[in-house]
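Okay, so here's the structure we're looking at.
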Amino acid sequence: SRQFDEMGEAVAPSRKAPLVETILNELGFGWYQARVIIILGVAHSTDTMETIIQAILGPSLRCNWQLSPDYVALLTTLVFLGSCIGAVPMGFAADTFGRQKMCLFSCIALMYLSWLCAITPTYPWMAALRFISGIFIGGMLNAGSSLLSETMPAPYQATGQLITYTFETLIGVITAGIGLGCLLGHLNWRYFVLFTTAPLLLCSIGLTFFTQESPVYLYCKHRTIEAAEVLDLIAITNNRMPKQSLPACAAVGDRRKRKSGYTFSFTGRLVHTDETEEFRLEKYGVKEVLVLLFGRRPWLLPLLLILNFLWGFILYGGATILPVELAVTPRTCLQDITSPNATSFLPTDQLPSAGDAECCYPLKEEGYRSLLASASGGLLSFPVAYLFVSLFGRRWSISVSYLAVTIFLFVEAFCLPNTVMNFIFFVTRAVASAGYSLTNIYMSSAFQARVRSLVSGLGAAAYRVGILTAPYLGQVFLQQRSALIAILLFSLSALLGALLSPCLPRTDVRVESSASAEMSTGAGTKRKPVFRNIFKHRARMTAEEAAAMAAGQLVDFRRRPSTQRSRAVYYSPASQSPTVSVVERTYSQMQNRPLEDLVHADFVNRNSTFEIDA
């Protein structure tokens, strides 16, 4: 029988997770995932780092090279235009050569191009180098996102993403601090660009020595032995493997594992089930992708793309450019509109005079402090997002974030003391970063795993298009027309997001691992929170449990008493022959359970239609 949600719509049946993802869920979250989050958090920070660099570099080049606001905005456009253009070919290269290799290559190339930007003599050279840098930024973000999602267990995806965004903010704060340090040390913008490559150097070292290729990618490329070795390393790092000889397991692995006494390996489990999952890797075409994207709700993906565009427009324009430009640009305050002697705030009455056009407003210490305060607000994105989800739920928290940003941006139209303005910049960035993170988490849960990376890529492209358009309002329009109207337009864009986000439906596409699906004994499934506790203590695996996992058995660790670690419950699967369907094997396995009326006789007939399902 079909299942229906609270809105009366049919709910898609639970999907059986692929084998490698099932093993990752069994291994859980540990030090390996924490290490990957730290390294890829620095890799993901290139996007945020570029927005901070452009916000600082723009006023400096405007004064040193006598550039107009249009040319300053063009630099930002070229960087993120290159990121949009390079996302597709670099993503294809990551699917061909590997996520870890392409992420490392993009990181080294971006660092080299930044060194060239530090010594570039003219604006055309700077523009060309920034455009090429954008191409590698797109490749680094795509490869890094895939590597992170294919290493994290499914229950911890949301938490891992939010922690990654926190590292992005931390690198942004460090970048703004480098700019302030160069100003106080009387160093020009060339030293600033040179010093900002330090995080890229650390990221390159981490990718080279402390990360492995994605096991999901290796398995999809039929490099089964390599995928098993990566899973073995994850098990060792997460302390999920017994350090003793296991006769039931093949002693497969590199010399380091054998010297350490580890003889456990997932190789046998992957090889034995490789043929049975062959159809899962081949049943994937354009038609299936279009159905998964637009089949049930054709308007959902365009709506999410609009919301991501607005977040890019707000985060770069309202939370990055405005703190810099408002600190150096004379403007009309909102409280002066009612004054009879106030200057008109109409754009036609605020055109710069000939003398003002020749003036250059360099970024001073107050501008750096405003930018640093705004960038620091992103550090609170995690607690703000957690608070909003706890109070309003996953869907309404996005609308609340937009509404709060609308209010804070409107307050910036008033001329307030510097301390108060810096606090407002801080809070605006915190709420906007939390809202953008929540939107990405919603996108990852609204679509199935087969198109999740594609949807994330489309959302990232829409976000960068918003960044592309923000400088023409936050720099060109603000400098040449009206700072007040520019602020109000940013506030109206946030209000538009607040009005559109309630149209988001409830996410009802469920993706369950085979272990959780087959070991569930209750009539209903308990709703899991969006954010998982990643610091939960996990007991060390016993030799018996490790042998069962290597053989493909499902180990229910929830039934193991804390004082008796060896009393886990095992479920032995049926024959793994590729000639036997998955439904028939499941039926045979469930019949052997010691529960009456657990499965009906027509189980195979009723579920055979869902056999070909990735």
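Including glycine, each Cβ sits where the backbone N, Cα and C put it.
A quick note: this is a predicted structure, and the numbers were derived from the prediction, not measured.
Over the domain 'Major facilitator superfamily (MFS) profile' (36-509) the predicted model carries a mean pLDDT of 79. For 36-509, the entry in TrEMBL reads domain 'Major facilitator superfamily (MFS) profile'.
Among residues of the same chain six or more beyond the transmembrane segment (71-92), those with a C-beta under 8 A of the stretch's C-beta atoms are 47, 50, 54, 57-59, 61-62, 102, 106, 123, 126-127, 130-139, 141-143, 457, 460-461, 464-465, 467-468, 470-472, 475-476. The annotation transmembrane segment is assigned in TrEMBL to 71-92 (among others).
The transmembrane segment annotation in TrEMBL covers 104-125 (among others).
For 131-150 (among others), the entry in TrEMBL reads transmembrane segment.
Taken from TrEMBL, the feature transmembrane segment applies to 162-186 (among others).
Residues annotated as transmembrane segment in TrEMBL: 192-211 (among others). Long-range contacts of the transmembrane segment (192-211) within the same chain: residues 35-36, 38-40, 42-43, 45-46, 49, 53, 56-57, 60, 100, 103-104, 107-108, 110-111, 114-115, 117-118, 147, 171, 174-175, 178-179, 182, each at least 6 residues beyond the stretch ends and with a Cβ under 8 Å from a Cβ of the stretch.
Proximity of distant same-chain residues to the transmembrane segment (299-322), defined by a Cβ-Cβ separation under 8 Å and at least 6 residues beyond the stretch ends, is recorded for 51-52, 55, 293, 371, 374-375, 377, 398, 402, 405, 409, 412, 425, 428-429, 432-433, 435-436, 439, 442-443, 446, 455, 458-460, 462-467, 469-471, 473-475, 478, 486-487, 490-491, 493-494, 496-497, 500-501, 503-505. Sequence annotations record features per position, and here TrEMBL assigns transmembrane segment to 299-322 (among others).
Residues or ranges marked as transmembrane segment by TrEMBL: 371-389 (among others).
Residues or ranges marked as transmembrane segment in TrEMBL: 396-414 (among others).
Through the fold, the transmembrane segment (420-442) approaches residues 158, 161-162, 165, 169, 304, 307-308, 311, 314-315, 318-319, 322-323, 326, 369-370, 373-382, 384-385, 388-389, 394-395, 397-398, 401-402, 404-405, 408-409, 411-412, 456, 459, 463, 504, 507, 530 of its own chain, all at least 6 residues removed from its boundaries and within a Cβ separation under 8 Å. Sequence annotations record features per position, and here TrEMBL assigns transmembrane segment to 420-442 (among others).
Per TrEMBL, the feature transmembrane segment maps to 454-477 (among others).
Annotation comment: TrEMBL describes 483-504 (among others) as transmembrane segment.
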What stretch in 104-125, 131-150, 371-389, 454-477 has the biggest tally of Cβ pairs under 8 Å against the transmembrane segment (483-504)?
454-477
Of the stretches 104-125, 371-389, 396-414, which racks up the most C-beta pairs under 8 Å with the transmembrane segment (162-186)?
371-389
Best-contacting stretch, by C-beta pairs under 8 Å, relative to the transmembrane segment (454-477) and drawn from 104-125, 131-150, 371-389, 396-414:
131-150
In terms of Cβ proximity under 8 Å, which residues at least six beyond the ends of the transmembrane segment (396-414) contact it?
307, 310, 314, 318, 322, 326, 333-335, 385, 388-389, 421, 424-425, 427-428, 431-432, 434-435, 438-439, 442, 484, 487-488, 490-492, 494-495, 497-498, 501-502, 504
